[in-house]
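**Q** In case it helps, TrEMBL gives these features for our protein:
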- 12-39: transmembrane segment (TRANSMEM)
- 59-83: transmembrane segment (TRANSMEM)
- 66-254: domain 'ABC transmembrane type-1' (DOMAIN)
- 104-128: transmembrane segment (TRANSMEM)
- 134-153: transmembrane segment (TRANSMEM)
- 179-200: transmembrane segment (TRANSMEM)
- 206-228: transmembrane segment (TRANSMEM)
- 235-254: transmembrane segment (TRANSMEM)
């Protein structure tokens, strides 16, 4: 009887989790086609295709900005993981003075309030000529993504270790072959997880992108924010749904890549 109750509780919690995730998305989809939805009506009074015209009419530039934002976030994700892989290996496998201090410093962009961090780094970027350009935006996004990507890769490196790599080197494999044939395949699920996390962090940045980019670098989050701020729920919901769909498509592509790489149906992170 207890086992049945536990199964019932677990199933209820799973369904509740599904509801909590899917219900807000359903509301966004309904709002995207809503003309008038006054309080206290449970359903919209009228429906409208105004949001679709705004998105795909050609004059808003939403699709173009979305594509450029995906491209920018992809670059940020790849660069962040390129930095995180060797950094995580150094932190885990090497014993050096100040390792714990380095871990704390890497977390500073998350610990420090984003306004203080953004204002400080904006002053620095203006002095070195990285303000108001896409290179500065990419660099500051990488800094914001590193605490997440480095944490994931650190956990992966701690779980896998370097014993297989040492064996490969003993058997005569070169450092490059060891890295490409041993290190990367073992860490691949963690790399994909890090890329996904970095993509989310980068694509959702508004304030720091506006500050560092100076309005010359326009991302989808910046494009969407004024509609959310103005209270136009129909347009804001449509932009939000498009943002969710684009992110979901990117993640599905990455998921298919992992499954095809390992020739398996389900991929689980290291436990």
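One is the number of the first residue shown, and numbering goes on along the chain from there.
Backbone N, Cα and C atoms are what each Cβ position is placed from, and that goes for glycine too.
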**Q** Tell me, please, if the transmembrane segment (104-128) and the transmembrane segment (134-153) are in contact, taking contact as 3+ Cβ pairs under 8 Å between residues separated by 6 or more positions?
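**A** Between the transmembrane segment (104-128) and the transmembrane segment (134-153), contact is present.
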**Q** Checking distant contacts: for the transmembrane segment (235-254), what same-chain residues at least six beyond its ends satisfy Cβ-Cβ under 8 A?
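**A** For the transmembrane segment (235-254), the nonlocal Cβ contacts are 25, 27-29, 31-32, 34, 50-52, 54-55, 62, 66, 70, 74, 192, 195-196, 199-200, 203, 220-221, 223-224, 227-228.
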**Q** If we skip the immediate neighbours and take only residues 6+ beyond the ends of the transmembrane segment (59-83), which ones have a Cβ under 8 Å from one of its Cβ atoms?
**A** 134, 137-138, 141-142, 145-146, 149-150, 153, 191, 194-196, 198-199, 202-203, 218-221, 223, 239, 242-243, 246, 250
